[in-house]
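Chemist: Dumping the structure here so I can ask a few things about it.
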Amino acid sequence: MSYSIIFDVIIALGLTALLAEAYGLVRRKCAGRFFAPSLLGVLFGLMALVQMNIPIEPIEGVIIDFRNIPIALAGAFLGWRGLLPCLALAMGTRIGLGGVGLESGLWAMIIAGVAGLAWARKAVHIDARGFGSFLALGLAMSCHLFAALLLPREIAIWFITTAAAPLLVINMVAVPLLAALLERENRHIRKENRLSASATHDPVSGLLLGPAFMREVTNAYTARAFGTFAGFLTITPERSILRSAIDLFTEPAQSPLDRQALAGYLEHANLAGLCADGRILVPLSAEEVHHFSRVKANLNLALRNAPSAASGTVVSVSLREISDPVEFMRYTETAHVSAVVDWGSEIRARKARDQGDESKTTAPRADIFDHKKHALLFAKADFLIERKRNFAP
């Protein structure tokens with residue numbers, strides 16, 4: 001084996017390692033259970049396509065590629081939503097290439113992907129998956145070598161006696177290394193999510209975040225005179241599909257207005273909350289609701305002079321008038337101000353709960369917010385509202 005073969009292997013694995021960077025980027029930028037894993041599945045499938053087009057020849061007459069490595073990693077780290085588009089791209093490319101090994105190649109891809117899924121299900125309860133578990137993944141996905149039994153007899157014997165060993169060695173080295181890179185991104189993202197979920201204010205705009213917003217509005221409503229608050233002001237940035245796509249690869253857009261700017265126009269700007277989707281919610285007094293047209297005109301003027309206007313961001317201002325105190329309190333709970341759900345951690349937590357092993361997994365970002373404690377907070381608020389009604393003059 002010449003040194004050029006070693007460099008070819010390193011280059012091929014280096015290209016596959018780029019998936020770890022894409023994995024971290026998409027998981028940080030995208031939310032939801034479908035879009036992010038599907039997008040990553042397409043990227044993993046494209047990498048399998050690239051690997052099929054840059055085969056290497058470690059031994060004279062033996063041509064191999066690493067197509068099954070990204071497929072197995074897709075099953076292990078993306079779930080079935082990511083594996084399906086990955087397999088569709090890879091299998092479509094293999095069908096286009098044709099040849100006597102077509103059936104064997106397709107089954108090898110399916111076996112590698114299913115092995116990744118099976119490994120993910122078995123390892124879901126492990127909070128800190130180490131190199132040993134990744135070796136198990138490499139061994140499991142190497143079962144794709146058995147697909148060689150579907151080849152014609154002479155070719156199958158040649159493959160098993162000549163090409164299977166180099167592929168097994170490469171799988172046992174490459175898969176654990178690449179899986180460790182992806183798992184490192186998982187650990188970093190979970191740490192970032194815990195820090196983000198514990199924050200009470202947005203560091204740039206100074207607006208309240210998640211549970212802090214609901215807690216402060218609840219306390220303010222019960223502490224002030226009955227009828228002080230009468231609705232919510234909503235400031236919504238309207239982003240196009242193109243703008244949303246650009247945001248995947250750039251820093252997220254800043255809030256249209258910060259807390260200091262709102263303080264010049266709204267009485268309760270200190271209670272303004274920043275939603276996960278970029279909206280700003282501000283509780284309004286009865287006086288502000290009555291003169292909302294004037295409040296809206298002043299805010300539109302401020303928005304035209306804000307930095308977001310220079311970047312082309314379109315912003316709308318609307319009113320949600322709520323006279324019933326119970327409905328007002330409930331709206332703070334259903335306003336979706338809580339943190340964005342991290343689909344990767346959510347999958348792990350859900351599977352662990354299904355297996356009755358919830359204590360051994362890291363909670364998803366949204367579950368860091370204690371819903372039981374929040375329900376008690378609202379029960380207290382309902383009690384105070386009812387008492388205030390009974391003793392009102």
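Note that Cβ sites are derived from N, Cα and C of the backbone, with glycine treated the same way.
Remember, it's a predicted structure, so these values are computed and weren't measured experimentally.
Feature annotation from TrEMBL assigns transmembrane segment to 34-50, 71-91, 97-119, 131-151, 157-182.
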Chemist: Which listed stretch (34-50, 97-119, 131-151, 157-182) has the most C-beta pairs under 8 A with the transmembrane segment (71-91)?
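Modeler: Comparing 34-50, 97-119, 131-151, 157-182: 34-50 has the most Cβ pairs near the transmembrane segment (71-91).
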Chemist: May I ask for the residues of the chain that lie six or more residues beyond the transmembrane segment (131-151) and have a Cβ under 8 Å from a Cβ within it?
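Modeler: Those are 68-69, 72, 76, 100-101, 103-105, 107-109, 111-112, 115-116, 118-119, 123, 159-160, 164, 167-168, 171-176, 179-180, 183, in sequence order.
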